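Participant: Quick one: this structure, given as structure tokens, is what I'll be asking you about.
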Amino acid sequence: MTDNRLRIIYMGTPDFSVPALQTLIDSDHEVIAVYSREPKPKGRGQQIQKTPVHELADKYSIPVFTPKSFKKDPEAVTQFQDLKADIAIVAAYGLILPLSVLNAPKFGCLNIHASLLPRWRGASPIQHAIWKGDQISGVTIMQMEEGLDTGPMLLKREMNIESMTTPELHDALSVMGAEMVVEVLQNIPQGERQNDAISIYAPMLKKEDGLIDWHHSAIDIDRQVRALNPWPGTYTSADGKRLKILKGHVVKPELDEKPGTVLPKGAVMCGGGFAYQIEIVQPENSKPMDAASAINGHHLKIASVLQ
């Protein structure tokens, strides 16, 4: 659609959004403004901290806007429209964009979505792809519309994700999306409509999603641990105390015990005849440690049953 230098508004907030902004800054296009979530107090000192995207924009002296809402703030919408951008690029921004914003740029708003749409629309596509055992995932560049991740797809790229953790896949897809968005901007294509009949949603994760049920298969538990760390984290109960499970792998057990039973060397019996060998755990009020240290410190007791 265009080979010209584009005036771009970039909208993003967390670490995932940083590579795409950097790539656009380094491109032949012009990033005229950045939108990000407002700075918030963080850490023990509760110091006000800007988002990763905000900090990168500051480094290049790009104007940054941090409205709390577009739907409830007509002035924020007018301000966005007055920028007269050619296109807006959105990556994990965190605010709902009304039609008055989506339609303001000449070529609309494009979203960098971390899944192969229409699979895993929604807030946590990376975690759900791993948790539910997908062998491939990827990035979709889509034209945004009012529906949640329902717009026409402009470009899709996939990668094998077998045995990956959420942090590993997060970083890989972040870089992939950055490369793809510059490619799309060279010649913005007509989008392909999504098939709503095969869409699957990845809802926002909750703390209770991390509770391990040892009656599930060891493969399912391995996926859960790889998917849900660092947040919300996976955990079990040992002697009434929370035990975070940070890393492990599937093993064939030497003994056949009921699910949840701690076997020698720190494996835990699971449903389906296999066990989950714990590698790294974090007992309540303690630092992460390997399974041997947890056993020696009586945080993980052989023959006990985890709940």
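Glycine residues also receive a Cβ, built from the backbone N, Cα and C atoms like all the rest.
Quantities reported herein were computed from a predicted structural model and do not represent experimental measurements.
Dumping what TrEMBL says about this protein:
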- Ser115, Leu116, Leu117, Pro118: (6S)-5,6,7,8-tetrahydrofolate binding site (BINDING)
- 7-184: domain 'Formyl transferase N-terminal' (DOMAIN)
- 205-298: domain 'Formyl transferase C-terminal' (DOMAIN)
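Locate each feature and note its surroundings.
Facilitator: Neighbour count (other Cβ atoms within 10 Å of the Cβ, all protein chains): 26 for Leu117 ((6S)-5,6,7,8-tetrahydrofolate binding site).
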Participant: Compute the mean position of the Cβ atoms of Ser115, Leu116, Leu117, Pro118, which form the recorded (6S)-5,6,7,8-tetrahydrofolate site, and then list in sequence order the other residues of that chain whose Cβ is within 8 Å of it.
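Facilitator: My list of surrounding residues reads His113, Arg119, Trp120, Arg121, Pro125, Thr140, Asp149, Met153, Lys156, Gln194, Ser199.
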Participant: What is the pLDDT of the domain 'Formyl transferase C-terminal' (205-298) when averaged and given as a whole number?
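Facilitator: For the domain 'Formyl transferase C-terminal' (205-298), the model's average pLDDT rounds to 95.
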Participant: What does the DSSP secondary structure composition of the domain 'Formyl transferase C-terminal' (205-298) look like, as residue counts for helix, strand and coil?
Facilitator: 24 helix, 35 strand, 35 coil
Participant: Sequence gap of 6 or more, Cβ distance under 8 Å: name the residues on the same chain that satisfy this around Pro118 ((6S)-5,6,7,8-tetrahydrofolate binding site), in order along the sequence.
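Facilitator: In sequence order, Asp149, Thr150, Gln194, Asn195, Asp196, Ile198, Ser199, Ile200 meet the Cβ cut-off.
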